[in-house]
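Working notes, beginning with the structure itself.
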There are 2 protein chains.
Amino acid sequence: MSVVHISTKSKSYEVRIEPGLRHTLYNLMHAHKMSDASSFLIITDEHVHDLYIDDVLAGFPKQDHVYVEKVASGESSKSFEVYQKLQERALEIGLDRKSVIIALGGGVIGDLAGFVAATYMRGVRFVQVPTTLLAHDSSVGGKVAINLPGAKNIVGAFFQPELVIYDTEMLHSLPEREWRSGFAEVVKHGFIRDREFLDWLKGQVTSFEQFNDEFLKEMLVQSIGVKADVVSADETEQGIRAYLNFGHTLGHAIEAELGYGELSHGEAVAVGMIFALRLSERVFQIELPVKETITWLETLGYSTNVPKGLSAEQLLASMKKDKKTTGGLIRMVLVEECGKAVLKDVADEPLLDLLHKAIEEGFDDSWN
Amino acid sequence: MSVVHISTKSKSYEVRIEPGLRHTLYNLMHAHKMSDASSFLIITDEHVHDLYIDDVLAGFPKQDHVYVEKVASGESSKSFEVYQKLQERALEIGLDRKSVIIALGGGVIGDLAGFVAATYMRGVRFVQVPTTLLAHDSSVGGKVAINLPGAKNIVGAFFQPELVIYDTEMLHSLPEREWRSGFAEVVKHGFIRDREFLDWLKGQVTSFEQFNDEFLKEMLVQSIGVKADVVSADETEQGIRAYLNFGHTLGHAIEAELGYGELSHGEAVAVGMIFALRLSERVFQIELPVKETITWLETLGYSTNVPKGLSAEQLLASMKKDKKTTGGLIRMVLVEECGKAVLKDVADEPLLDLLHKAIEEGFDDSWN
């Protein structure tokens, strides 16, 4: 079994990666200090429920004290309303401080169930069981949250899981768009911290169809390794954890201005990464393999230009609403070279200038 | 100025106690690493607002970036609805990660504003400015929470303030019932941890009218000192922090079954403490100064018997709902001697037996 160790100030835990693990959740939890669990609440969405809940439940020796709560699939479930309902439900079924909450699903479920766990009785144990590639990122590191209209992840906590259980078999039911969304975060990990991994990805990945269990395992170990490294050094985003925001400042703005769901998260981040690379070239007066990256990503079905209909001014205003912004300047994650991220406060003018150029000419043309 | 130092795993901070401090909140925060605050949100209730908000605001050099949110006085404000409204408001006025939330009020405000601060953007700094005696307990130690119907403090976090600012002048507007409510927690601190302090209280306090600023300061330093001691050793209630629950297991049950507000929190805790003392005598086969304690508390206006109309069975069932209960037995905080608490899992039968006796005969009669 492949294992990545995460070690933060508040907790140490493992990410276990292997095909078929959904059948043995109970045993894994039992072996990871949860043998004293008084009850389990599995929070999942309708889609994942229909595909996998039977497999998951079959792995529990007894069905009493195992509860399942199903929410609607999609971002809309990260609401105060659903959060409150889940808390009421937890109380109703009598979860206590020895209970374990299991997040069975993608990033939405991990964020939502994690925030329920972080705050029910001021915190009960929880286990992440990610079912998407994108969630390889969100399920590790302990960021949990819900949304307010117009502000994603605005209310939440830093709360680490006890264990992350990654069954790569569950990824095979993902549509291509979901692969693309998740793979952008894999690429991001290469750009900010691990050039070798980035080069390996560029050499290996020419389509998502080649992602068999063996390959996925290797890729996930590397990608989660970068994440583990960063959050171990900086659990609560006082410093280098901000590197993980590479591509996200513009990415989030595109998602918000376009309306969530038009582009997937990773598709928007891909555009944001290309923007950050071009900005890095300009700020540090260096040359980066941007064109090569664009070509590669487009082979994989990404569209790397700013979507039509968005204005530079609108995007800049949206970037300023990001909760990483304090004071007037926008804190951008740039790279000094591939594999080496750096934080830089950037004024409005160069950002606007680049955004205009990107919208009018695209990123692919000759830049200088 | 009197200062108590609190030092937990997650944060170290001070409790500053002095008459008149409400006029200088800004300066105190400035001197305590909050000189970089981008904005302030003062959360208070209608009652405290009308009495003190002008004094507080006058201490801020500039009024821009200082916001005030007023909620209804009383426990009903610790709801999901009010919590969500405050989060929406924080977003609307543009609080960012460098903002500071100030809880100006009693325990309700501290719990509510603290939970908003703990979760807005996954945590922004907050400052406790308690305005009641009861809040000398709740404002220290980082327990913050809101309620669900039938379950107090069920959703919350452990989140320490940056600073606790205690202006004893603000206590003088309290009605006698509030003094009684808060003083029960002072007495509790004596019983669980500091016999000398308990004896000093018994010798000194014969009415609440004698509580001038000088006396309050001395008492608060001692009482908060016990709390500091306990939470420093055990921030997240894995062990001895549970001692603070002395008198609360039955106290909470009385509050819940009688309907919140019939007895004040401290008045219910006083009954719970007497019960815990009698139970301690029985469990450890010792004799404690129960009768003397009853006489003292009654002089101060407490009623120390279980309120009429409650049944032993009903109270026991309610005690079992407490979130400290795991498995079947009820974990009681008892004392081996005055000033020395100990945890003990107690079965239903002896509890029921004692409750029956207490309801039928009162605590004051000869026990054996």
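Cβ atoms are placed via backbone N, Cα and C, with glycine included.
Among the candidates B:His172, B:His265, the residue that TrEMBL annotates alongside B:Glu185, B:His248 as binding Zn(2+) is B:His265. Surrounding the centroid of the Cβ atoms of B:Glu185, B:His248, B:His265, where the record places Zn(2+), the chain contributes additional residues within 8 Å, namely B:Leu134, B:Asp137, B:Ser181, B:Ala184, B:Lys188, B:Gly247, B:Gly251, B:Gly266, B:Ala268, B:Val269. Cβ environment of B:Glu75 (NAD(+) binding site): B:Val108, B:Asn147, B:Lys152, B:Tyr260, B:Gly261 lie under 8 Å away, each six or more residues apart in the same chain. Spacing of B:Asp111 (NAD(+) binding site) relative to B:His265 (Zn(2+) binding site) is 15 Å (Cα to Cα, whole number).
The shortest Cα-Cα distance from B:Ser73 (NAD(+) binding site) to any of the binding-site residues (B:Glu185, B:His248, B:His265) is found for B:His265.
Per-class residue totals from DSSP over the domain '3-dehydroquinate synthase N-terminal' (B:71-180), listed helix then strand then coil: 44 helix, 32 strand, 34 coil. In space, B:Gly107 is the closest of the binding-site residues B:Ser77, B:Gly107, B:Ile109 to B:His265 (Zn(2+) binding site), judged by Cα positions. When pLDDT is averaged over the domain '3-dehydroquinate synthase C-terminal' (B:182-325), the result is 93.
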